[in-house]
Amino acid sequence: MKGLQVAFKQTLGHVVFDIELQLPSKGVSAIFGRSGAGKTSIINVISGLTQPEQGRIALNSDVLFDSVLGINVPVHQRNIGYVFQDSRLFPHYHVEGNLKYGVKQYDAEMFDKVVALLALQPLLKRYPASLSGGEKQRVAIGRALLSSPKILLMDEPLASLDMPRKKEVLPFLEKLSESFEIPIVYVTHSLQEILRLADHLTVLDRGQIVASGVLSEVWSSQAMRPWQSFSEQSTLFNANIAEQHPQYALTRVMLSSTASLWVQKIDAPLGSDIRLQVRANDVSITLVQPQKTSIRNIIEAKVERVEKRHPAEDKESIAVKLALTQDCFLWATITPWALADLNLKQGDRVFAQIKGVSVTQRDIALTH
């Protein structure tokens, strides 16, 4: 079977793990959850740093652990790259020495590829003490890649960095899955990192899998509600760039074969695939098509579902799921007053309104 299969049972402290997980054979699979949910424990089991009481771990056709068959491949033979929260560089080696440390068979072409991908050339003769946090993490990622791993495990690699350093490293992480066709398992507690990087999402809570699947589906599921506040609820779209406005700094993206959206200008070629977030708070609903309005996006839709939500004991909001096409949906958040005034019900034809300026660069990621 292709991909990464993780199945194990284990008790660690107060957390009882019962994991059954199938992850894709390439791309970025994010593991998300609150502190103490067991995210790092899962990748430690995959790497062999932790041995479960029972279970099976397999990568494609390679069985790494099987408690029934008595298989437990040692850590150093699993051919796994691991990037920790802290870079763990050797202080007495310069960057080039750190990159080459542990490389079984030096490959000059691969070395040049990794150095170019992570923009490490200016750093090669410098020592870790002179590097910024972001530079150290880029070196750590490079070292892991140069071990020619069959899978890359990343344990919150940006958690120790401040915001400017995170912004420095994120573009390099975005290139990883395009440049190396290996599965990348990425542990994080950051919704922004998931938006920018992930193709697949697993939500974990106290050692149990709450949801796992394609990012756009899990993102809109009940499993994500505890982490999405009233203002953070949103819809994710896999879209592509269709048009650059000839006069204004706006880009039209296709959400489906017929539904499109004008957003702030995206500097990428026509046809580029992107991931795009539309916040439910930025979507309003009208029963008739407006005329002479400043809102650039007016999309005909059908009411698919109406849900009452309680972000706090004394607060209530209404989530409306709108069908733009048969398999393309958009969430809108409105007030109970608006619901009563519009008398919305399933099957109603309406118009969704989204400001062109509401979708910004932080809501968009190129997916190559």
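Our numbering is plain: 1 for the first residue shown, then up by one each step along the chain.
Even glycines carry a Cβ here, placed using N, Cα and C.
Values in this document were obtained by computation on a predicted structure and should not be read as measured data.
According to DSSP, THR40 (ATP binding site) is assigned to a helical segment. As annotated by Swiss-Prot, ATP binding site applies to GLY33, ARG34, SER35, GLY36, ALA37, GLY38, LYS39, THR40.
The domain 'ABC transporter' annotation in Swiss-Prot covers 1-231.
Marked as domain 'Mop' by Swiss-Prot: 292-363. Taken as a whole, the domain 'Mop' (292-363) shows an average pLDDT of 92 in this prediction.
For GLY36 (ATP binding site), applying a Cβ distance below 8 Å and a minimum sequence separation of six or more within one chain yields VAL15, ARG206.
In the structure shown, the C-beta of LYS39 has more C-beta neighbours within 10 angstroms than that of any other entry among the binding-site residues ARG34, LYS39. Apart from GLY33, ARG34, SER35, GLY36, ALA37, GLY38, LYS39, THR40, the ATP site neighbourhood in this chain, defined by C-beta within 8 angstroms of the site C-beta centre, holds SER41, HIS189, LEU204. DSSP assignment over the domain 'Mop' (292-363) gives 10 helix, 40 strand, 22 coil. Shown in sequence order, ASP155, GLU156, VAL187 are the residues of the chain, 6+ apart in sequence, with a C-beta less than 8 angstroms from the C-beta of THR40 (ATP binding site).
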